[in-house]
Every structure is written in C-alpha cells, then in structure tokens.
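Residues annotated as domain 'J' in TrEMBL: 56-128.
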Amino acid sequence: MSSYITAIQPLMLKLPRVKFCSLVFKQCWNCDENLSLTSAFCNKCNKLQPLNPDYTHFEVLGIERNFSIDTVALVKTYRNLQVRFHPDRYSTKSEQEQQFAVGHSSAINKAYRCLLHPVERALYLLELADQPLHEGQLDMEPAFLMEIMEVNEELAEAEDKETVQAIGQRNQEILKRLLRDADAAFSAGNTREARSVVAKIKYYNNVYEKVREYEREHGILD
C-alpha cells in the first residue's frame, strides 16, 4: 500500500481541494473537473480517481463507523466493491487508472479482513480513538489472570475431545457476553471501558484459538 501511495504522489499534487459555497472539492487528475471528495470516478471523463489515503477502513467500504456490523451485508458490500475495482477490469486502461485500481482493491481487502473479525474490529476502533491496545499496556486484575491461567491449564490437561469442546462452549459464552459489553461501551462512546473489555476479549480469544487448533489436529474441524 505504501508503494502505491508513493507512486501516485506526483499525481495527487494535481488534486487540490477547492472550496466553493462551503463545499469542498477535489479535481480530476485527468480533466481537472471539480469532484466531491468521495467520488471514485470523474463524472465528466469517467476516469478512476485515486483512493484517499486518509480513509478509514469504514470509509473504504462505505459503512458506518460502529462496532456492531451486519457481517452478511459486509460480505455483500465487499464482493460488490471488489468487482467494481478489481485491477483486471482496468488492464486496458491508462497506467494511472491501473495503479489506482490496485490501490482501491488492496485497501478494500485490508478493510474487509479487519472489520469482518470482531476482535480485530474492536482493536481497530481503539486505534481510531487514539487508545490502541498493545501487549502489556493494561494491568489486568490478578483474579482475572488467575481465571485465564486455570482455563489454559484445564485445556492443556484435557484428554478427550468432549472435555475440549465443553471448554470451548463455555469460552464462547464468555466471549459473546464480552462482545456485547464492548458493543455497549463503543456505542456509548466510553472508550476507556471499551478498552478494558477488549483487553479481556483478547485473552479469551486466545483460548478460542487453542480450542480450534486442538479440533483441527483431531479432525473435529476441517
């Protein structure tokens, strides 16, 4: 993505923002037509425009910035955008449009992969709020850490798939509750609470991944 931005920087110098009647515009790199900042194509020459490098994943996909997302609608949106901006569709277009198509497609893929997964989505929202959650940045209560340690020990000592699946089901219920709590915190704009909840989600998501790994190794999952 960084190489794409570097490649189009000279072209983006031709895209000044022009303000008329309190509205902000950009100019088409090809014909200098004034366009809205969100225009993907020029309405005069129909050329593909470069993607705004400052767009969030939500803006790239054209969806609202929320933790709660309709994943079925997200998949549909992603597929429609990939069809619209797939580089193969621009193989006979100008070199500029081919570069822009690669940039659009890459950003769409990256945004989709992040927002589809609730844990990655939560971590991304914290980053957008300038409250990123990194390892070791949040002190967890000893009782909580002890609880996680006991779950991991129980999982390590499990001798049959029934025990592992029971641990997995219990863990899933906890994750569902924490995800609801995270949704409530993000919806209320309580970033501090959301950050605390997401930290717990990361621990339980690690347990989830261990259960999945066990199930794959023992043929329970494909």
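Sequential numbering from 1, following the chain as shown.
From the backbone N, Cα and C atoms, a Cβ is placed for every residue, glycine too.
Automatic, uncurated: that is what TrEMBL annotation is.
Break the domain 'J' (56-128) down by DSSP state and the numbers are 57 helix, 0 strand, 16 coil. When pLDDT values are averaged over the domain 'J' (56-128), the model yields 97.
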